[in-house]
Amino acid sequence: MSRVPGDAENAHSSSVESCPSLRDVHSINPAQLMARIESYEGREKKGISDVRRTFCLFVTFDLLFITLLWIIELNVKGGIETTLEKEVLQYDYSSSYFDIFLLAVFRFKVLILAYAMCRLRHWWAIAFTTAVTSAFLLAKVIISQLFSQGAFGYVLPIISFILAWIETWFLDFKVLPQEAEEENRFLIAQDASERAALLHPGVLSDGQFYSPPESVAGS
């Protein structure tokens with residue numbers, strides 16, 4: 001007959017052990033949470049995240065690479081000065097590559113202004129530059145006579161088109177989602193630190209500990 005209370009006591013003790021104890025709740029370290037919050041705030045003070053900096057570097061690479069190809073094309077056609085005067089001063093839409101270079105400058109200025117200086121967190125700027133680039137290059141390939149001018153008639157429009165769409169993919173699938181995830185982690189860590197502050201109200205000072213006055217003997 002005494003086994004029933006004993007079994008009940010064992011079940012009660014096992015259930016108590018399975019439940020999270022107050023010691024587990026108080027094991028949250030507010031210092032670690034504050035360190036994480038300070039690290040996130042330090043990233044915000046830097047002004048730009050690592051993935052956004054990589055995106056801006058790729059935009060700069062886009063401009064420099066198109067410029068390099070255009071300079072090579074000028075040299076191939078018989079000298080920079082002569083060809084530059086022909087393509088810039090005597091600009092012809094059907095045969096000049098100068099507008100493709102200006103298109104790369106346009107993408108660089110808009111994207112750096114939007115995502116580096118203004119720190120935009122939306123895709124409308126990259127959508128605008130990619131749409132303008134795609135429409136212009138398609139019209140130039142259809143109307144102009146670039147394909148009759150050798151390999152550069154294929155290389156410059158194709159490279160410019162590919163780089164514009166790589167920038168769009170990188171921003172939409174890497175930069176914006178990663179920054180949103182880091183912001184969510186910061187909010188979760190901040191909320192956890194506030195809860196931990198309630199669980200750890202602070203260390204009591206020595207003045208808060210006192211002993212009652214001694215009672216008179218025999219009272």
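Residue numbers in this text run from 1 along the chain shown.
Positions of Cβ are set from backbone N, Cα and C atoms, glycine also.
TrEMBL entries are annotated by machine, without manual review.
What TrEMBL says about this one:
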- 48-219: domain 'MENTAL' (DOMAIN)
- 1-21: region 'Disordered' (REGION)
- 55-76: transmembrane segment (TRANSMEM)
- 96-116: transmembrane segment (TRANSMEM)
- 123-145: transmembrane segment (TRANSMEM)
- 151-171: transmembrane segment (TRANSMEM)
Exercise. Under an 8 Å Cβ to Cβ limit, what residues of the same chain, 6 or more beyond the ends of the transmembrane segment (123-145), are close to it?
Worked result: 93-95, 99-100, 103, 106-107, 110-111, 114-115, 157, 160-161, 164-165, 167-168, 171-172, 176
Exercise. Same chain, outside the transmembrane segment (96-116) by at least 6, Cβ under 8 Å from its Cβ: which residues?
Worked result: 48, 52, 55-56, 59-60, 62-63, 66-67, 70, 73, 86-88, 125-126, 128-129, 132-133, 136-137, 140, 146, 152, 156-157, 160, 164, 167, 171, 175
Exercise. Averaged over the whole of the domain 'MENTAL' (48-219), what is the pLDDT?
Worked result: 85
Exercise. When you scan the chain for residues with a C-beta under 8 Å from the transmembrane segment (151-171), skipping those not six or more beyond its ends, what do you find?
Worked result: 55, 58-59, 62, 65-66, 69-70, 72-73, 76, 97, 100, 103-104, 107, 111, 115, 123, 126-127, 129-130, 133-134, 137, 140-141
